Every structure is written in structure tokens, then in C-alpha cells.
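Working notes, beginning with the structure itself.
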Amino acid sequence: MESFGAKNMQSPPMKPYKCLLGTQILLRILATAFTLASTWIILTSKQTVTVFGLEMDARYSYSPIFKFFAFANMIGCAFSVLSLFLASVLGHKCLDPKNSFYMFLHDLIVMALLLAGCAAATAVGYVGKYGEMHSGWMPICDHVPKFCHKVTNSVMLSYFAVVFYLCLTIISANQSRQIRV
């Protein structure tokens, strides 16, 4: 009888674990959707206008920062799909805390990549909207508002994905605390 009670104390309760697994899967689905939407919006953002008789073209591909932002979101989306698959398969098969540690590392790296892309795009977007008078850079969003709105929406969606990955990182870190050395 004593050994039965010891076994029950060692195994974690299933209901909170299933709730956390469901939360992780939902957050991974949301992160996938938001990074996919952000990628789609930035890749389709372009506008051509005529200013003083000159044709001006604004595209994400003209800026290395926006290219980095687009690729960061593509990678984030791909890894979100991969982690969604792994979380659903591994989550139902075993309760090993080492898996949580690997998911923590994965979530932390993807969050850092997305955050770097968002920060870079935000900085360039700020200069595009307000300019930098000391450097002689004029604002361009007055001339290409459709492009600027699309980029703003894309960056905003990507920041939501960063928040989802922050939550996933916290959940994974909390679950990996149960690793016995």
C-alpha cells in the first residue's frame, strides 16, 4: 500500500497538465496565424505614387530591415508549425520535463528572432513616418500612406506573436523546473 501512495505522489496530476497542453497548443496556433498574416501583409505591401512628376515606388524588398522582418516572420511561422506538431505529439505521449526544457529553448529563440525583427521594423517605420531632420531624412509616409499602413499592421501582428511566444516561454520554463538532476 505504501508503494502505491509513493507512485501517486511522483506523477503529476493530469488535469492541470492537459490544461497547460491545451493552452500551449492554442498559443502556438495563434502565433502561427499571426506570423503568417504578418508575413503575408509585409510581402504584399507595395505602393507606387507620382510625386512632382517622378514615379516613386515603395516595397518591402527595398529595405534590408523589412527583408529581415519578413524572413524573421517566415522562420517564426515555420517553427511555430513545427512546435505545434511536436507539442501535440510529444504532449500526449510522455510527461518528461526534459521535453519542456527543449520547448523552452525553442520558444525563447523564436521569440528573440521575432522581437529583433519587430524592433528593427519599428525603428525604420518610425523614421519613415516622422523622418530624421538632423540626418536629412524626410518622412515618406505622407506620400505612400497605403504602404505605411500595411507595414504598421504587419508589425503590430508580429508583436502579438511575440507576446504569444513570451507566454509560451513562461509556460515552458515553469514546466521544465520539474527536471530532476
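Using N, Cα and C of the backbone, Cβ positions are placed for all residues, glycine too.
Keep in mind it's a predicted model, so treat the numbers as computed, not measured.
What TrEMBL annotates here:
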{"type": "DOMAIN", "residues": "23-164", "note": "domain 'Casparian strip membrane protein'"}
{"type": "TRANSMEM", "residues": "25-45", "note": "transmembrane segment"}
{"type": "TRANSMEM", "residues": "65-87", "note": "transmembrane segment"}
{"type": "TRANSMEM", "residues": "108-128", "note": "transmembrane segment"}
{"type": "TRANSMEM", "residues": "155-173", "note": "transmembrane segment"}
>> What residues elsewhere in the chain lie close to the transmembrane segment (25-45), defined as a C-beta under 8 angstroms and at least 6 residues from its ends?
In response: 58-60, 66, 69-70, 73-74, 76-77, 80-81, 83-84, 87-88, 91, 114, 147, 150-151, 153-155, 157-158, 160-161, 164-165, 167-168, 171
> Residue counts in helix (H, G, I), strand (E, B) and coil for the domain 'Casparian strip membrane protein' (23-164), per DSSP?
Replying inline: 108 helix, 14 strand, 20 coil
